[in-house]
Amino acid sequence: MKTIFRIVLLTVSAVFTLVSFTSEPNTTSLKCMIQMVNYTGEGAYVVISLIKPEGEYNQTLYVQGKDSEWYSDITEWWKFYGKRRLDIDAISGATIAGGERTVSIIKIPKDRIDAGYKIRFETAVEDQEYYKKDVEFELTSETLASKVKGKGFIRYVRMLPQ
Amino acid sequence: MIISLWRYSHLLLAISSAIFLLIASVTGIILALEPMSDVIKPYAIDNIEDITISETITALQKEYDEIIEITVEENDFVIASVVTKEGNDERIYVNPRTGEKLGVPERKSGVFKFATNLHRSLFLKGIGRFFVGLISLLLIFIVITGILLIGKRQGGILKFFSKVNKEYVNQFYHVVIGRWFFVPIIIIAFTGVYLSLEKFALLPKYEVPHRISAQTEQKKETIASISFPIFKKITLTNVKSIEFPFSDDVEDYFTLELINKELIVHQFSGNILSEQQYPFVKLVSYYSLLLHTGKGNVFWSVVLLVTCVAILFFMYSGFYMTVQRRKGSNLIYNIEDKDASEYIILVGSENGSTYTFANYLRSALLSVGKTVFVAELNAYTTYQEAKHIIAITATYGDGEAPTNAKRFNRLFSTIEPVNRLQFSVVGLGSLAYPEFCKFAEDIDEMFRRHSKFISSLSLEKINNKSTDDFKNWIQKWGVSVGVSLDTKTVIEDENWKRDVFKIIDKTYINTDNTFLLRLKPRDTSIDFRSGDLLAIRPEENMVERLYSIARIDGDVILSVKKHDLGVCSTYLSKVGKGDIIKAAIKHNVNFYFPSNTKDAILIANGTGIAPFLGMMKNKNRSTRVTLFWGVRTKKSIDIYNDFINFSLMKEGTRHIAYSRENNIYVQDLIRNETDSVINVLNRGGVVMICGSNDMLKGVISVLEKAVKNQLNVSLNTFIENEQIKIDCY
């Protein structure tokens, strides 16, 4: 009886250890800088998401802007996020104004790289436009360290693997 | 127009922005608390001016994997964006000396968020912001017009901080607080406008154009950033933020945002690649934000808070003053045409209160069936039927004409009156001003020099809007022009405070239909003297009745004549011993018994004896008093025996006329004793008259003749120097 109990205990702890160790190596940390254009007005909301090869949302990576009342202004993403409203406190930061830059660390599951997944930067500013694909590019080993120009409030995005 | 252009603008601006200003001030009070609540947070770094950038970087590098940005807030909080040793990014308050994490920036609390939103955009986003900006602009104009008004009121900008005359609390503090708070208010308003303009991108665009030439980019040497001379030199007190290079690419630099300039520093050599001073607009924006929000300065945020409270007070007191003025100026409506009126009252008023006085006189004249026309001094013209002209005027600022009298001077010199007119001038003002009633003096002089005008009474100056003085003047003036005027029912003090009195004694009703009441005030500290008046209003909204009273042993003594149709006397005849009544004491300082006089002659008929009962009882032993009194029968005086034993009065000091029995009236008694009356007046003694207007008329005509014959002066001389005091009704 005792031995069975020990085995079970050992197995359980082994499984836990395995899980907790495997979760980390499965993601890649990227240093990501968003440089805004010189617009006037309120701080911009920026949402960084992973997009499936089919074009659907897969995961929210980062949210600039902590006032959830404005989230619905980022309409496309809201359709995805608004349904479930997972806790995104850990991956959200303050809004950034025109001309400013922000640097954050985002974590991307390794299996999404070179797998047809895209990274999307959506932007919206109070009383101004909303850009669904301010910046969007495919996640490949090459693009992980790159500089991509934006179409809306973002001047460019730079990424650097940590 | 009663109110001047500036005052009108001041008011109009205030009214049009009232609601928004109210919201902005209330939310402003809340928001002013935010910088104060920040101070108690434990993130402030002491002596931040001693810590260099390189010290800070050294400390942070020890604790964290990478530094992304360092921000120094106005309240000396240092925020670092770092990548931790675990590979996560964090934005935290740090101690720049040790690199220790002090806390995590909290989200703005809900109350402040709500207040901020309401304060700057009324929850209306862009439109709201526009309105708030506009209101700030209006506030600037309100302050400017306010400064001009204070300057005018004080008699010149140089006297801006001289003593303010106190009319009433709201007016006084509106001025006193206004001349200190115009400074912070104009700062708040200006910065508010500026911040709005900035939001609407209406200010000239500023960009800080850095040009980095190709040569300087070359990577020649590599020094650790903590050894950069520039980082060793600059301390955190000058820093707004430092952005660290994104990667070790040579094209990534340090960007230093300092208070007044921006620097680009090469990440390997530490050379300054570009240095740009901020344009003026940007500096103004920076300081506007600090001044408007009080960020980082508790003292200033306290000033802002108090200023918001002051704005609320200005709104309250300002509207209160406006209502007061309206009350005054709305009172004129003329029944008769200017060419059909015998009495012309001309008013010079800055804020309308003078109209209240004009109206007292007008009502008194109307009640005796006279025709009256009231107009402002600026409307001076010819009057076909006029016999009397009375100018009642305030003086504005440094002896100037009030707004609605500015043209009078010119009109007067060009318009020739139709008839010869009797004139009289009343100046309203305050002794606190050096030029007390100056404009009234000027007008009086103008009339005096004009051959068609004859003075009926010399210039009267009334201090501090005293209704008692004015009432007294009305009586004097009435006497001088031969009209007996009833002022008691006309002049009312609106804020009268009633006290509670208990009836402790009441006599029977005598043959004169008169009875006496003795009242004890519940509040024994009430201040009153013999000669004061007791105002009684049996029912609300009724015109009050005034009774002259005596003070004997702290009690009120009044004598009431019962009229069959008199509501008040009927009411008083029904109350009994032990009953409680409510009444107000009204001070009647012009009818007090002089404390230093040697001789006094008291003249009364009927109930007019009441104040004299107290005066005779409480007088100095050395003062000689002679009484002239008219009643109907010998029995009439019995009810007074409790107070004065008339039979004990010395021979020659008591003259009582019994009209029903001997057909003799008070004036007849005086006619027999004119020598002694003239003697008293001549020696500087006083003559006090209390009773009915008919009696007064008779007495005055007797005295006038006597004074004219024996002293060769007008009786008015004695009325004016208050040797003759009158309290008649």
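Note that Cβ sites are derived from N, Cα and C of the backbone, with glycine treated the same way.
Unlike curated records, TrEMBL annotations are generated automatically.
For the transmembrane segment (B:12-33), the list of distant contacts is 111-112, 115-116, 118-119, 122, 131-132, 135, 138-139, 141-142, 145, 188, 293-294, 301-302, 304-305, 307-309, 311-312, 314-315, 318-319: same-chain residues at least six beyond its ends, Cβ to Cβ under 8 Å. The transmembrane segment annotation in TrEMBL covers B:12-33 (among others).
Within its own chain, the transmembrane segment (B:130-151) is flanked in space by residues 6-7, 9-10, 13-14, 16-17, 20-21, 24, 119-122, 124, 157, 160, 175, 178-179, 182, 185-186, 188-190, 192-193, 195-197, 199-200, which lie at least six positions past its ends and keep a Cβ under 8 Å from the stretch. Taken from TrEMBL, the feature transmembrane segment covers B:130-151 (among others).
Taken from TrEMBL, the feature transmembrane segment applies to B:172-197 (among others). Beyond the transmembrane segment (B:172-197), the same-chain residues lying 6 or more positions past its ends with a Cβ under 8 Å from any Cβ of the stretch are 28, 129-130, 132-133, 136-137, 139-140, 143, 146-147, 150, 153, 160-161, 164-166, 203, 284-285, 287-289, 291-292, 303-304, 307, 310-311, 313-314, 317-318, 321.
What TrEMBL lists as transmembrane segment is B:298-319 (among others).
Annotation comment: TrEMBL describes B:343-482 as domain 'Flavodoxin-like'.
Residues or ranges marked as domain 'FAD-binding FR-type' in TrEMBL: B:496-594.
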* To do: With DSSP as the reference, give the number of residues of the domain 'FAD-binding FR-type' (B:496-594) in helix, strand and coil.
  => 11 helix, 42 strand, 46 coil
* Structure fact -> The DSSP breakdown of the domain 'Flavodoxin-like' (B:343-482) into helix, strand and coil residues is 55 helix, 40 strand, 45 coil
